[in-house]
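Straight from TrEMBL, here's the annotation block:
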{"type": "ACT_SITE", "residues": "224", "note": "active site, acyl-ester intermediate"}
{"type": "ACT_SITE", "residues": "227", "note": "active site, proton acceptor"}
{"type": "ACT_SITE", "residues": "279", "note": "active site"}
{"type": "BINDING", "residues": "386", "note": "substrate binding site"}
{"type": "DOMAIN", "residues": "194-417", "note": "domain 'Peptidase S11 D-alanyl-D-alanine carboxypeptidase A N-terminal'"}
């Protein structure tokens, strides 16, 4: 089965990243300014990005390395991105007690001036290792001759390490520590239920390691699971939660909807919870218009978003999920959810059981019931959830669940279940079995 790449982005604010670097090295800034080429290098990729491309974002790929440049990373008329490999024998050596498990690469992004970036570049490096030893991406400080670890995330299925970095130039590589395991291991004699869903996956939320999979890399319509990406892009657009919206009847859509009349006014926050907790399609369209976009324009932004993150099998034709051409795979969508649920507004919107508001001008009360109620009222600690259904997709479900005793989290995605209740039941069963059948280091 063909394997596609995705971006697993570890949580790392620029402030925390810089603090991490200051503690680890006192002269990184000088490394950026001078970056002396003490090793022989060979350019294997060089690409020019014009202003429009820099505004949209672009992922440069060569061999085993991806350099993901996010939208509006910096202002420039153009930039050249170069990827280089070290000549044989010029590698500076691995950190003590560690083994090199990737090709070492140098990437360079030309900028108007050398500086820390305000937003990170996201790197993906393929790993040549068949074990589950602890792995991490490092960058090399050429001035001090020291490797420094980056906050990294590992996709054990695709054997690719991901990390954010705020440098426009760096030598990077992946190393592993012999004998130190990372991610969960299956218990001896682990047993799984027979699931009716067409596709399913359970992954370790921290490492992206697959705990259980059933057709987890096959493409399927995701229906209203779409709305997590809609929410991500809305936040990117600078959504004002306190702004007032006048409901327009042209926002009406089939399926789940907020029952309001044209002319009623409410806040963006009211529409937000209706979209995520109640899966309201008309609320979703209203939010898209609230940021000044047409549905077609916004769907294009959603596709740019997932492409910039490296997702190859996730695509959107509309903003609500009503289109059967909104597709993903269970595994890719689990990683989409892993990213989306780091945003507190998305986490809160998907896990709030009830949300009530009153329209501002008419004073009409509305109460939204979360479509995930069967999982939110279970014994599990649910830290994110979303449902979806159209005729073409059948019943879909995503949940993120935390184990209270050790804090480990699992993301479960069920796609293509024929039964409304069975979809919830199987999601809960798979989450429980993922914890029961796994041992974390």
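Using the three backbone atoms N, Cα and C, a Cβ is placed for every residue, glycine included.
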How big is the Cα-to-Cα gap, in Å, between residue 224 (active site, acyl-ester intermediate) and residue 279 (active site)?
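The Cα atom of residue 224 (active site, acyl-ester intermediate) is 7 Å away from the Cα atom of residue 279 (active site).
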Note down the number of other Cβ atoms within 10 Å of the Cβ of residue 386 (substrate binding site), including every protein chain shown.
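Its Cβ shell of radius 10 Å holds 31 other Cβ atoms.
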Average pLDDT across the domain 'Peptidase S11 D-alanyl-D-alanine carboxypeptidase A N-terminal' (194-417)?
93
Within its own chain, what residues at least 6 apart in sequence put their Cβ under 8 Å from the Cβ of residue 279 (active site), listed in sequence order?
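Residue 279 (active site) has long-range Cβ partners 224, 227, 255, 256, 371, 386, 387, 388.
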Which secondary structure state does DSSP assign to the residue listed as 'substrate binding site', in the simple three-class scheme?
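Assignment for the residue listed as 'substrate binding site' reads strand.
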So, three-state DSSP: helix, strand or coil for the residue listed as 'active site'?
coil
Take the Cβ of residue 227 (active site, proton acceptor) and count every other Cβ within 10 Å, whichever protein chain it belongs to.
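So the number of other Cβ atoms within 10 Å of residue 227 (active site, proton acceptor) is 29.
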